[in-house]
Amino acid sequence: MGARAVLGVTLAVACAGAFFASILRRKDLLGGDTEASGVAGLVEASRLLVDEAIHTTMRRNLRKRGIFSPSQLLSFSKLPEPTSRTASRAAEIMETAVQEVKRRVCRRRDTDQLPTDVLSEELLSTIANLSGCLPHMLPPSCPHTCLANKYRLITGACNNRDHPRWGASNTALARWLPPAYEDGVTEPRGWNPHFLYNGLPLPPVREVTRQVIHVSNEAVTEDGQYSDLLMAWGQYIDHDIAFTPQSTSKAAFAGGADCQLTCENRSPCFPIQLPTNASGAAGATCLPFYRSSAACGSGRQGALVGNLSWAAPRQQMNGLTSFLDASTVYGSSPAQEQRLRNWTSAEGLLRVNTRHRDAGRAFLPFAPPPAPPACAPEPGTPAARAPCFLAGDSRASEVPGLTALHTLWLREHNRLAAAFKALNAHWSADTVYQEARKVVGALHQIVTLRDYVPKILGAEAFGQHVGPYQGYDPAVDPTVSNVFSTAAFRFGHATIHPLVRRLDARFQEHPGSHLPLRAAFFQPWRLLREGGVDPVLRGLLARPAKLQVQDQLMNEELTERLFVLSNSGTLDLASINLQRGRDHGLPGYNEWREFCGLSRLETWADLSAATANGRVADRILGLYQHPDNIDVWLGGLAESFLPGARTGPLFACIIGKQMRALRDGDRFWWENPGVFTEAQRRELSRHSMSRVICDNSGLSHVPLDAFRVGQWPQEFEPCASIQGMDLGAWREAPPSGDACGFPDPVEDGGFLLCEERGQRVLVFSCRHGFRLRGPAQITCTPRGWDSPPPLCKDINECEDETDPPCHASARCKNTKGGVLCECSDPLVLGEDGRTCVDAGRLPRASVVSIALGAVLVCGLAGLAWTVVCRWTHADARPLLPVGEGEGDGKSPSLPLPGCGNRRDVGAAPALEVEQDLSCGSRGLCE
């Protein structure tokens, strides 16, 4: 018994000793604090560091308004919407905090100890929570109403019931192969100048562009089969399924260096180094480049996620839904959707431009403040008056062809909505909106999978990698993959023509109608002032795309003049693509060939056969020196085409695999039984891109297949002969035979009708910024509705202390359905709409004070001047000869120099000395 007691006491003492030693060790590693306070302080310090870098970026951007440098335009095109920005900021705070834990651990110990060995799982989760990442890592709450099977959520969440985050916006891009970071976790390929691949350094991306990719504008070959619309649709549909935001900061987190100026790799700055025999504008030795934002719970944050290890690599975020769902039209977040809808309409319409019309048709609305005025102003107008267009994707104003497609689909939604309301007067505005949105999404799917992708892959590869539709498969993850978004689908950049062709009503060119691409970047005023959408559409239909030829990959409008609106610099799209692949840690070309079941290329002969061009193989191997080192985007781009295709075997495999996943993993795919009726599916299949153009533009003739280049007029058909949908398939009889009818409209909300167990059900929702008070759904019973409808009450976001809508630098003012962040003069609201920044100007009160002071000083000076001059005049008068005053006709009156009179040349020089003496000094008088 005594021995047991002694043993028990010994074990207790040992455990207590180990426990307190563990506490002391953790306290020491966190800089002397206990776990909780140490972690909280560390996260707060990381938040301050990240926010200061973001604040510095916004301050610099404000001071550069009106200076349209290419890097600034690129930044605007990659500007995330607020929900994505919040997720990106949280990921950066989280990663910065964990990097600091790692640094402290390594500094105090010789071993490469992991944060998971130092902090408890509870405190690791605390870091995720304090940084703001946790909400972006948890599964969303999915609705269980009868609408769950009728309409997709705007965020794409809950499409898959078992994996509700699959395909949702603001989640990580999928990885089909493990990434190849230089430290295994986060550092891009090419980050460390002395890091070797197969014993060799990677070539600078700018040198790859110059030697392999670049071709002059005059040397391009045109596609004899496909129209420029094929290229434009590829860009448009890419913007429907993928958007990887750049870091929210353009200043280094450590030290605040400006990423537009520094040539050092200091996250998030990852500049493109220029060859030693070349320099950029003003002698620059690099081009600016910013890393893509990490997704929450990846990279050095991986240790903080339950089932992930420390080695979980950095992932990149997709700010859009992965699905082909027309997010280009409707957005990918509730806040964005709210900005796009016309809430005063009973027809479920989208907002249109209220200042400009296109021959009676709608233009896209302008983006409201505080969006930066990044679009180029019309010549002769102030730079501050150059808003970009507002659409579901922030890149809608990049080039006229892209803007034209956004405009077409805005008009198509409103056309369908008006027709549906005319057919079904009993439909609520929300029902009309959702039904039109559902049809527009289906048309995006049809045009892409039926008409576009087979032309890109070729019939054989399409059958192999995509094949016929077999129905929805809940085991298929539809999430857009990193290699698809960052490499394979960027093949389209090699099909961009250096000219924007605009044609008149007879499809003829005229002087000044064509624009070099550099004169069209971010210039929406050209559509407003130079003929509207129709001339651009005619050019897309009747002029060929550029053909992707191995030794003519990208023209100089993209490699030398990307986003160039002035002489303030340049960017190179080819180098950006290569650098982005390295930033994302994409494995090399051979790894992806093996992934697709293709043979690895080991020799020059192998590469020469794959490209069908020995000269190109020479150039590539001359730079990379080993086939395994070739960047996947370049390798896939250089492959010779498959039969009837516009890609080689590698990109055909990756694009086909992705498109099949987008189709088979989408519960709301248009062909999935139950999404549409059989009659509706039949009508949808009759529609085409040509019909959309006929219905929403001034064109009276179009090709039957809008993606095949047509010769005017013999290969164009009148719009009357282009078949389309009969919307009668969407006619519904109004409910009858019950005691319910329809309730009164809900202010700041709406309702949708569906059936549940044979009973009519109304499901209510509120606009963004409002909260339901009352039941979310009511059911029709024999005695009427089982409950009165709910109310929509405004949410006071300013009371949210866990996730405040405004930065601490701003005052929060609640508004109906939203919030307004206000700044005290001289601070102004930054581009994020929540932070006050210094614009580098004096306060308005100071300006007024200075102006009043200047007036006072001038007044006093004038008074003093008057006194001096009167005194001078009085002293000088006795020196005048008697009888020679004014009006005697003998002598002109003498001027008083400097006292307000006009000096007459040659007047009484003998009296100058006396006048000077009486004034006191010539300087005073003058």
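Each Cβ is built from the backbone N, Cα and C atoms, and glycine gets one as well.
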Bond partner of Cys158 - disulfide, per Swiss-Prot - picked from Cys133, Cys142: Cys142
From Asp240, Asp258, Asp358, the one annotated by Swiss-Prot with Thr321, Phe323, Asp325, Ser327 for Ca(2+): Asp240
Cys653, Cys694 - which one Swiss-Prot pairs with Cys596 by disulfide: Cys653
Candidate cysteine (Cys694, Cys740) that Swiss-Prot pairs with Cys719 in a disulfide: Cys694
Output field, heme b shell: CB within 8 Å of site CB centroid, site Asp238, Glu398, His493 dropped: Gly234, Gln235, His239, Arg395, Leu402, Arg490, Gly492, Ile496
Position of peak Cβ density within 10 Å, selected from the disulfide-bonded residues Cys269, Cys596, Cys694, Cys806: Cys269
Integer Cα-Cα distance in angstrom, Cys596 (disulfide bond) to Asp238 (heme b binding site): 22
Sequence-distant neighbours of Cys653 (disulfide bond) in its chain (C-beta under 8 A, six or more apart): Ala461, His465, Cys596, Gly597, Leu598
Lowest local Cβ density (other Cβ within 10 Å) among disulfide-bonded residues: Cys142, Cys719, Cys740, Cys836: Cys142
Neighbours of Cys263 (disulfide bond) among the recorded positions Cys269, Arg395, Glu398, His493, Cys823 (Cα to Cα, within 10 Å): Cys269
Candidates Asp238, Asn342, Glu398, Cys694 (recorded positions) - the one closest to Cys798 (disulfide bond) by CA: Asn342
Heme b site span - longest C-alpha distance across Asp238, Glu398, His493, in Å: 14
